[in-house]
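Feature list (source: TrEMBL):
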REGION    1-34  region 'Disordered'
COMPBIAS  1-16  compositional bias 'Polar residues'
DOMAIN    31-158  domain 'ALOG'
REGION    149-185  region 'Disordered'
COMPBIAS  172-185  compositional bias 'Pro residues'
Amino acid sequence: MDSIQEMDNSSISQDGVASHAPSSSSSTTSRYENQKRRDWNTFMQYLKNHRPPLALSWCSGAHVLEFLRYLDRFGKTKVHTPICPFYGYPNPPAPCPCPFRQAWGSLDALIGRLRAAFEENGGKPEANPFGTRAVRLYLREVRDLQSKARGISYEKKKRKRPSSAHQQTPSLPLPPPRPPPPGAC
């Protein structure tokens, strides 16, 4: 168990040296923060292994798109091509040779975490390669392609409006009417 805690408390810097953060039981990081850190380390490792190696300051939206296409190799969502006989069927009846890809929702969440991590690691919001127009268009294209391939149209979720308080509380019986005052008629 100690080795798992050590792995969670360590991070790899850009030069490949592991550094350990002090573990404290009072300040545990959230699941989101842990995932954001892992995603950031994965992206930094990708830049380091890029040929030629890339510095973060030279990273552009094109490099982010290259990274997202690289991640498709590890996807688990089957995306039917337009020539597949099961294109447009949500539950195909038989296997097909269509490729596996990263799901749109996973990519969208990943980009959100990386956008936040970029700024937390000293990047300027206006220079954030994860927020470029090309990345937004790519995500929209992936979403549309995957929804058509599955035969399920994507519709933006509508916000639930909180119902008013008088609808939530049960209605109470009305008090009986007061008798008229004496001498009134």
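Glycine residues also receive a Cβ, built from the backbone N, Cα and C atoms like all the rest.
Taken together, the residues of the domain 'ALOG' (31-158) have an average pLDDT of 89.
Per DSSP, the domain 'ALOG' (31-158) is made up of 77 helix, 4 strand, 47 coil.
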